[in-house]
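> I have a structure I would like to understand better, so I am pasting it below and will then ask my questions one at a time.
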Amino acid sequence: MPAVLPSLLAWLFVLLLGRARPADACSCSPIHPQQAFCNADVVIRAKAMSAKEVDSGNDIYGNPIKRIQYEIKQIKMFKGPDKDIEFIYTAPSTAVCGRLLDTGGKKEYLIAGKSEGNGKMHITLCDLVSTWDSLSPTQKKSLNQRYQMGCECKISRCLSIPCFVSSSDECLWTDWAMEKNNVDGRQAKHYACIKRSDGSCAWYRGMAPPKQEFLDIEDP
């Protein structure tokens, strides 16, 4: 019996580790803000006024699912339904991909996420959520039209130099390779991937809308 005890304890330790693993952390792949815009159902500028924990049904074992409900004040909608967003929901902690917002209405955010209908949306740690003041002037301008112009394009992340595009409808995002794994670099701050009249895509820089010569040009 004593010989069996160490192996039994080791088995229990592994079992407990396995159960704890899903809550250890939430990891997200780097994404260009234009991709985040295009992937989202809803993109708004808003303030979080208050927060409370609410029940959102039960899991498969009958345990209640907790979420944080933010009551928000929408300032502007860049993408989404006709009805204003009144509530944003997220998981209760960052360990399970919850996104924490400052409440009290003092801080403005750009928030992208999934629609839940009836004036509600859901966000995770992997969605685009940035303070409005941290955005560049080009990013703010691009939210109105330019990002949408490139939603049919593909933005591919370059992990190391050299890297190349594989098709004409692709823009190569090199911030990760050129700026030491920086996901908020020059291309993220100042560029948008635009689809041109010949079906190809290319990076465009500047606050003004792209001119027709850029849209019609054959080479980037």
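Placed from the backbone N, Cα and C atoms, the Cβ positions cover glycine too.
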> According to TrEMBL, Cys28 takes part in a disulfide bond; indicate which of Cys97, Cys126, Cys151 is its partner.
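Recorded disulfide partner of Cys28 in TrEMBL: Cys126.
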> In TrEMBL, Cys38 is paired in a disulfide bond with which of Cys151, Cys153, Cys158?
Cys151
> Which residue in the list Cys26, Cys163, Cys171 does TrEMBL annotate as forming a disulfide bond with Cys97?
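Candidates were Cys26, Cys163, Cys171; TrEMBL matches Cys97 with Cys26.
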> Measuring Cα to Cα, how far is Asn39 (site 'Involved in metalloproteinase-binding') from Cys201 (disulfide bond) in Å?
18
> Just name the most isolated of the disulfide-bonded residues Cys151, Cys153, Cys158, going by other Cβ atoms within 10 Å of its Cβ.
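Counting other Cβ atoms within 10 Å of each of the disulfide-bonded residues Cys151, Cys153, Cys158, the minimum falls on Cys151.
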> Could you give the Cα-Cα distance between Cys153 (disulfide bond) and Cys28 (disulfide bond), in whole Å?
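Here the two Cα atoms are 21 Å apart.
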> Looking at the disulfide-bonded residues Cys28, Cys97, which one has the fewest other Cβ atoms within 10 Å of its own Cβ?
Cys28
